[in-house]
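Novice: Quick paste of what Swiss-Prot says about this protein:
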- 1-24: signal peptide (SIGNAL)
- CYS34-CYS49: disulfide bond (DISULFID)
- ASN52: N-linked glycosylation site (CARBOHYD)
- 61-209: domain 'Cupin type-1' (DOMAIN)
- ASN76: N-linked glycosylation site (CARBOHYD)
- HIS109, HIS111, GLU116, HIS155: Mn(2+) binding site (BINDING)
Amino acid sequence: MARVQLWVAAACAVVLALAAPSLAGDPDMLQDVCVADLASPVKLNGFPCKANVTADDFFFAGLKNPGNTNNPAGSNVTAANVQSFPGVNTLGVSMARIDYAPGGQNPPHTHPRATEIIFVLEGVLEVGFITTANKLFTKTVTAGEVFVFPRGLVHFQQNRGHGPAAVIAAFNSQLQGTQAIAATLFAAAPPVPSDVLAKAFRVDVPQVDAIKAKFK
């Protein structure tokens with residue numbers, strides 16, 4: 001009996017070891033290239049491959065210029081993911097440029113499908129993430145420095161300098177997904193019931209409604 005249990009345990013360990021890589025990020029590619037056909041009506045867990053591929057499919061110039069930060073958050077995210085850069089389809093990577101006005105922030109958010117690592121191009125940023133145990137890890141970073149945000153954890157960046165700031169972000173997914181906490185809760189469609197949010201945040205319903213109004 002003990003011998004059988006040992007073999008069962010060993011078999012389970014092998015299965016888990018083989019399955020682990022597939023759980024780490026996007027699925028492995030099965031061909032050299034598969035440039036996304038964004039116009040295809042076929043919707044898979046990803047995008048189908050387009051028939052005619054050129055070198056331009058693997059080129060993206062969108063990160064070289066600053067984005068427009070004239071908005072309430074004072075920041076702009078320029079994405080180089082599969083939706084704007086079809087050549088990364090099936091490759092399990094993507095990038096973004098984030099620009100911040102003085103005092104601007106990339107509000108608290110999560111990426112459910114990817115870890116994020118940033119390289120600071122210019123400026124002074126306070127960055128941080130919060131674990132599932134509600135512990136905050138925060139750091140002030142400047143040009144040339146790097147910080148990493150673990151997959152799925154709430155994180156943010158705040159410009160603490162007197163001038164603009166910018167970073168280049170990289171992700172281990174072709175489409176990392178972004179869920180901004182405030183917009184998710186206060187600008188959902190259909191809306192999250194105000195009494196639900198009032199109880200969660202321990203405030204009154206009119207206060208919740210006032211916050212919701214700011215997102216309209």
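Indices start at 1 and increase along the chain as displayed.
Glycine is treated like the rest: Cβ placed from N, Cα and C.
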Novice: Give the distance between the Cα atoms of CYS49 (disulfide bond) and HIS111 (Mn(2+) binding site), rounded to the nearest whole Å.
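Specialist: Rounded to the nearest whole number, the Cα-Cα distance is 25 Å.
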Novice: Quick one: which residues besides HIS109, HIS111, GLU116, HIS155 have a Cβ within 8 Å of the Mn(2+) site's Cβ centroid, in sequence order?
Specialist: THR110, PHE129, PHE149, LEU153, VAL154, GLN176, THR178
Novice: Compare the Cα of GLU116 (Mn(2+) binding site) against each of the recorded positions CYS34, ASN52, ASN76 and report the nearest.
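Specialist: Closest by Cα distance to GLU116 (Mn(2+) binding site) among the recorded positions CYS34, ASN52, ASN76: ASN76.
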Novice: Sort the recorded positions CYS34, ASN52, ASN76 by C-alpha distance from HIS109 (Mn(2+) binding site) and give me just the closest.
Specialist: ASN76
Novice: State the three-class DSSP label for CYS34 (disulfide bond), counting H, G and I as helix, E and B as strand, and everything else as coil.
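Specialist: The residue in question, CYS34 (disulfide bond), is coil (DSSP, three-state).
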Novice: Cβ atoms within 10 Å, counted per site: which of ASN52, ASN76 has the most, among these glycosylation sites?
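Specialist: Most Cβ neighbours within 10 Å: ASN76.
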